[in-house]
Each structure stands twice: as C-alpha cells, then as structure tokens.
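First comes the structure, then the notes that go with it.
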Amino acid sequence: MLKIGVFGCGAIGTELCKAIDSGHIGVELYAVYDRHEQSLIDLKEQLKNTDPKVLEIVEMVKHVDLVVECASQQAVYEVVPTTLHAKCDVMVISVGAFADKKLLDTTFDIAKENGCKVYFPSGAIVGLDGLTSASAASIYSVTLTTQKHPRSLEGAPYIVQNNIDLDSIKGKTVLFEGMASEAVKAFPANVNVAASLSIAGIGFDKTKVKIVANPALTRNIHEITVEGEFGMFTTRVENVPAPTNPKTSYLAALSAISTLKKIADPIKVGT
Ligand SMILES: NC(=O)C1=CN([C@@H]2O[C@H](COP(=O)(O)OP(=O)(O)OC[C@H]3O[C@@H](n4cnc5c(N)ncnc54)[C@H](O)[C@@H]3O)[C@@H](O)[C@H]2O)C=CC1
Ligand SMILES: O=C([O-])CC(=O)C(=O)O
C-alpha cells in the first residue's frame, strides 16, 4: 500500500487525512507535518483509525512514497526539491509557486532524473481535463475570472500593498486584471488555480486573470474560457468555501482526495 506524507494540515490537509483515515482511498497515512502544533493536535483529534507520525520533511521522505504539499507557496520551495531528491513522488496544491520559472524547470529536471512524478490536481476549478486535451493542438487564449467575497481576499499582498479597504467595497468590483504570472504572486492564497491553468495551457505570461471582489457572494466563483484549434469552452463553478478557511474552496480538498485515489487506483478516468 502506498505510504503518504501530508505536509500542511489546514483546511485541505485535514480533509485529505480524514479521507485516508476513513479507508476509502487505499493508501496509508504514514506521516504528517505542520509548523503550527495546534493544527496537528486538531487533526489528530479528528482521525479515528490512524495515528500518523509527525515528521519534518527531511525525515518524512525517508519513509513515504508520496508527499502531498498543502501548506503554502513558500513551503513548495522546501518540500518539492527535498521530496524529489529522495526519489519520492509529490502532489502540489500551492501550484502558484511555479510561476517561478526556475523552480518549475528545476522541478521538471529533478523529477525526470529521479524517475518521479509531480501531480497538480485540478483544485478549485472545473475544465482542466478539457484544457489538457485541447493542448495537444494549438490554444489561442485562456481566461480565468475569479469572484470571491472581499473577506476571502484579506491579507493578499496586492490588497496590502495598494492599501485597498476591503470593508468599503459595497458592490461587485474588479480588483485585478493581468497575467497569471502576476496574479499568483499578488493573490497567493486565492488563485493557485491560475497556475494550474497556465501549466496545462499556454503558460503564465499568456493566461489572463481577472479578480473580482463581490460582497454579495457566499461562494467562490471561477469562470474559465478557453479558445483553440479544438473550438472553445467555458466553465463556471460556484464553490462552497472550506469551513475552516474561506479563501479555499471545498472542491480543492475533494480534488486532492480524488487525485490521490486516481494515483492509487488501477483504473484512471479523465484526461
Ligand atoms: N490549487 C488550488 O486549486 C488551491 C490551492 N490552495 C492552496 O493550497 C494550500 C493549502 O490550502 P489550505 O489548506 O486552505 O490552507 P490553510 O491555511 O487552511 O492550511 C495551511 C496549513 O499549512 C501550514 N503551513 C503553511 N506553511 C507552512 C510551512 N512552510 N511549513 C509547515 N507548515 C506550513 C499552516 O500552518 C496551515 O496549518 C494554500 O497554499 C492555498 O493557497 C487553496 C485552494 C485551492
Ligand atoms: O479555493 C479556491 O477557490 C481557489 C484558491 O483559493 C486558489 O486557487 O488558491
């Protein structure tokens, strides 16, 4: 049975650990890590059947087959190279870190050299399967429009640096329009999905992103339009926020769970 290490035990990590603990995925939850001890305590209280070891990444990779990063873009710099050098596979949720081309190229090279896989789940968006298929031919444009409640955008570097008063936003307001390369740095906890789209499609410098604050919303909305040689598609998802982190959509946690199941299962459905 595949041994899993989960790095980051917040909204997504906790749901993933609970799903493994329930026995439905067919993998073993061997180790977990979080820099906040309380997150580990809270997690362990919710596990009924397993008692994973708490191991820092350097120790974790000595014992597991696959590490799931669900911590932060900053953590990716530590977790991904360490995991791949140890010849373990890695699933990355904080995909925005890969707007750093050097990190993306190095990751590709180390993974190839060590015969490892790097998985980027669809996360909070719908349509990555279609984009992946479409990218076997020419893609002309990829556009993401993300709408969230202003509260979900709190603390983003773009909001802080531009002194944007989120409380003063009373109606639907476009806060950002630009390329994915800038968007994932400006809103690192909000549009990692723009990074997955960029990697699957036409890259960080051609994928367009619009971020809208909308105080009327109770859900996180992501709309994607792709045009290419295949034709065009649009997708729209209205995501229920994760109960413990309004920035994150519940679907992102489900996507990590399903990707892990797909890795473990002999039958793979979808592109
Ligand atoms: N790809 C996608 O579609 C999505 C990606 N995300 C990203 O996934 C990541 C996890 O999301 P959530 O679980 O909602 O976040 P969260 O904030 O609820 O949990 C993150 C946990 O990781 C820990 N952590 C952060 N940096 C760490 C480090 N350097 N070392 C050790 N522990 C660290 C924190 O203490 C926290 O407990 C975030 O980066 C988030 O922006 C979130 C939603 C969708
Ligand atoms: O969960 C979401 O709606 C999207 C998100 O936060 C991200 O991509 O970072």
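Just so you know, glycine gets a Cβ as well, placed from its N, Cα and C.
Since we're looking at a predicted model, the values are computed, not measured.
Residues or ranges marked as active site by TrEMBL: His222. In this view, His222 (active site) is surrounded by 25 other Cβ atoms within 10 Å of its Cβ, with every protein chain counted. A strand conformation is recorded for His222 (active site) in the three-state DSSP classification.
Annotation source TrEMBL lists NAD(+) binding site at Ala124, Asn192. DSSP assigns Asn192 (NAD(+) binding site) to a helix. The Cβ neighbour count for Asn192 (NAD(+) binding site), using a 10 Å radius over every protein chain in view, is 27.
Sequence annotations record features per position, and here TrEMBL assigns domain 'Aspartate/homoserine dehydrogenase NAD-binding' to 8-121.
Per TrEMBL, the feature domain 'Aspartate dehydrogenase' maps to 170-257.
Checking the recorded positions Ala124, Asn192, His222 against ligand 1 with a 6 Å cutoff on the Cβ atom leaves Ala124, Asn192, in sequence order. In this structure, the C-alpha atom of His222 (active site) lies 12 angstrom from that of Asn192 (NAD(+) binding site).
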